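Heads up: the structure comes next, in structure tokens.
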Amino acid sequence: MSGITILTLFVLTAFVGVEVVSKVSSTLHTPLMSGANAIHGIILVGAIAVTAHATEPWLIVLGSLATLLATVNLVGGFVVTDRMLEMFSGRPKQPQRESEMAGDPR
Amino acid sequence: MNLLPAAVAEVIYLAAAVCFILALKGLSSPRGARRGNLLGALGAAIAVVTVLLSTDFRGANLAFVLGSVGIGSAVAVPAARRVKMTEMPQLVAIFNGVGGGAAAVVGVIELAEWMGTEPGAVATTATAFAILVGSTSLLGSILTYFKLQGTITSRPIVVPFAAPLMVAALVAGVGVGVAVALTGNVWLGVVLMAVGLAFGALLVLPVGGADVPIVISLLNAFTGLTVAASGWAMSNTLLLVAGTLVGASGSILTIAMATAMGRSVTGILFGALKGGSTAGSTQTSDRPVRRAQAEDVAITLAYANKVVVVPGYGLAVAQAQHVVAELVTALRARGVDAVYGIHPVAGRMPGHMNVLLAEANVPYELLVEADDINAAMPSTDVVVVVGANDVVNPAARTDPGAPIYGMPIINADQAGQTIFLKRSMRPGFAGIENELLFSEKTQVLFGDAKESLTNVVGALKEV
């Protein structure tokens with residue numbers, strides 16, 4: 001890819017990134033931060049690519065380290081975000097039952 | 001293995017990039033947030049399988065890669081599944097840090113592999129950026145972890161000559177970075193990494209209290225940009241697009257969080273260096289307060305018309321979500337209009353309290369956001385503050401010297417009475433005293449939040 005192609009892609013993607021989250025409510029700040037965090041774990045793809053053709057032992061060690069760290073970021077990030085969001089989605093059903101139990105007139 | 005031709009891999013990367021955009025889009029609205037996140041995970045999984053299938057591995061390198069992915073998953077999944085929701089911000093910080101560290105290490109490996117070739121100035125410049133910013137994010141995130149965990153103080157730490165050191169680190173970073181970009185020398189890359197680590201420490205140490213989560217968000221954006229730079233250096237569109245997305249959305253998110261707290265990002269990062277706004281102490285106050293017993297609190301609540309419960313981090317730490325829900329349910333059963341007033345930064349991160357209360361199945365309609373609850377404050381009879389301090393501290397409105405000055409708060413001081421449930425007189429996360437505690441409208445019920453609430457619920461049955 002030419003430098004200009006890359007620059008174009010970079011600028012356009014930056015606009016997409018800004019647009020996509022510009023009106024997020026504060027309720028979702030934490031899951032959004034965690035979800036974005038998971039996405040940059042995709043450096044794993046880069047870590048695998050550089051480790052693939054490493055020749056010297058110290059480079060293989062470093063590459064394995066980078067792969068390990070990136071995996072933790074990627075896998076852990078998506079799992080913890082899912083756990084948070086699971087709780088959000090569980091909410092709407094609960095109040096009905098609770099107010100019935102309490103005899104809430106509403 | 002090279003089972004997939006490069007062109008096919010490129011198309012699959014494009015699909016994964018679309019998944020990431022849709023994931024962020026989904027995460028920014030409550031509907032479909034979970035589906036969005038799963039879509040992102042699916043995109044990542046496809047991309048990882050694609051790189052494994054489309055890359056030529058040398059000898060045993062595939063085994064090393066698969067082993068590392070296996071160990072990484074074996075560490076990450078239990079950590080993510082078992083972490084207490086109260087400690088979740090720390091985990092997010094660590095995940096961010098290791099991502100930045102991975103990108104920095106990838107940069108160093110690239111420099112080593114390019115030795116003896118002509119990689120081009122754009123590639124070396126992007127790599128230098130990735131190494132510097134990635135290592136800044138690594139140590140910065142580790143330090144935010146320790147601050148949130150309480151291992152090191154959450155108050156601002158200003159090392160001697162902090163400001164000149166910061167400038168020196170910045171100059172060194174740019175200088176060594178330019179040298180790496182020009183020479184592509186791997187050992188200069190290692191030096192650059194050390195400078196980045198030092199810069200990360202200098203950046204995060206002076207940040208205190210409730211500002212720490214905003215810095216995590218900022219470092220998250222940094223890591224995104226680091227990954228984008230790696231994509232630039234390696235001509236990998238997926239890394240470029242994913243990293244840029246996180247860099248851009250993370251920056252917007254950082255600004256949104258800072259605005260929600262009435263802060264500026266530069267004020268958060270450099271405020272302590274200028275001195276002045278670090279006032280505060282973790283000393284226990286010996287000024288007298290009105291102590292209450294559970295029975296008094298129960299009576300006060302039972303005969304109120306309108307009650308607002310303001311939950312804070314202390315409630316979550318005491319695992320008192322369920323008891324507080326019981327109290328509110330009992331009050332509502334008696335005809336008291338009891339709701340929760342949720343401050344946007346109650347807990348350790350913006351929106352954290354919503355997550356914590358959701359865990360305890362607290363009814364969604366009873367959670368009232370700060371602006372709406374403040375409008376109702378003058379007509380509220382009793383505010384019950386459970387394990388929160390900073391979010392109801394009037395100093396945010398009145399004391400320009402306070403570290404939380406300018407932060408929107410829940411105006412508990414405008415209600416008829418305030419009841420504080422506190423473990424001790426120690427100040428909150430921001431390390432400042434709360435004048436409201438000493439007001440004549442205030443009663444303090446000391447003890448563990450769970451125990452105190454259980455006693456109040458018990459006493460309420462006798463009223």
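For all residues, glycine too, the Cβ spot is worked out from N, Cα and C.
These come from TrEMBL:
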- B:10-457: domain 'NADP transhydrogenase beta-like' (DOMAIN)
- B:6-24: transmembrane segment (TRANSMEM)
- B:36-54: transmembrane segment (TRANSMEM)
- B:60-79: transmembrane segment (TRANSMEM)
- B:91-109: transmembrane segment (TRANSMEM)
- B:121-146: transmembrane segment (TRANSMEM)
- B:158-180: transmembrane segment (TRANSMEM)
- B:186-205: transmembrane segment (TRANSMEM)
- B:212-232: transmembrane segment (TRANSMEM)
- B:238-260: transmembrane segment (TRANSMEM)
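A Cβ distance under 8 Å defines the sequence-distant neighbours of the transmembrane segment (B:60-79), meaning residues of its chain 6+ beyond its ends; these are 1, 48, 52, 91, 95. With Cβ pairs under 8 Å as the measure, the transmembrane segment (B:36-54) is packed most heavily against B:6-24, out of B:6-24, B:91-109, B:186-205, B:212-232, B:238-260. Counting residues 6+ beyond its ends, the transmembrane segment (B:186-205) has Cβ neighbours under 8 Å at 104, 107-108, 111-112, 115, 127-128, 131-141, 143-144, 147, 156-159, 162, 165-166, 169-170, 172-173, 176-177, 179-180, 215, 219, 269 in the same chain. Contact between the transmembrane segment (B:238-260) and the transmembrane segment (B:121-146) is not supported: fewer than 3 Cβ pairs lie under 8 Å, counting only residues 6 or more apart in sequence. Taking Cβ pairs closer than 8 Å, the transmembrane segment (B:6-24) reaches residues 36-37, 39-40, 42-44, 46-47, 50-51, 53-54, 236-238, 241-242, 245, 249 in its own chain, all 6 or more past its ends. If you average pLDDT over the domain 'NADP transhydrogenase beta-like' (B:10-457) in this model, you get 89. Packing against the transmembrane segment (B:121-146) from elsewhere in the chain are residues 90, 93-94, 96-108, 110-111, 114, 152, 173, 176-178, 180-184, 189, 192-201, 203-205, 207, 212, 215-216, 219, 222-223, 225-227, 229-230, 232-234: each is 6 or more residues past its ends and has a CB under 8 Å from a CB in it.
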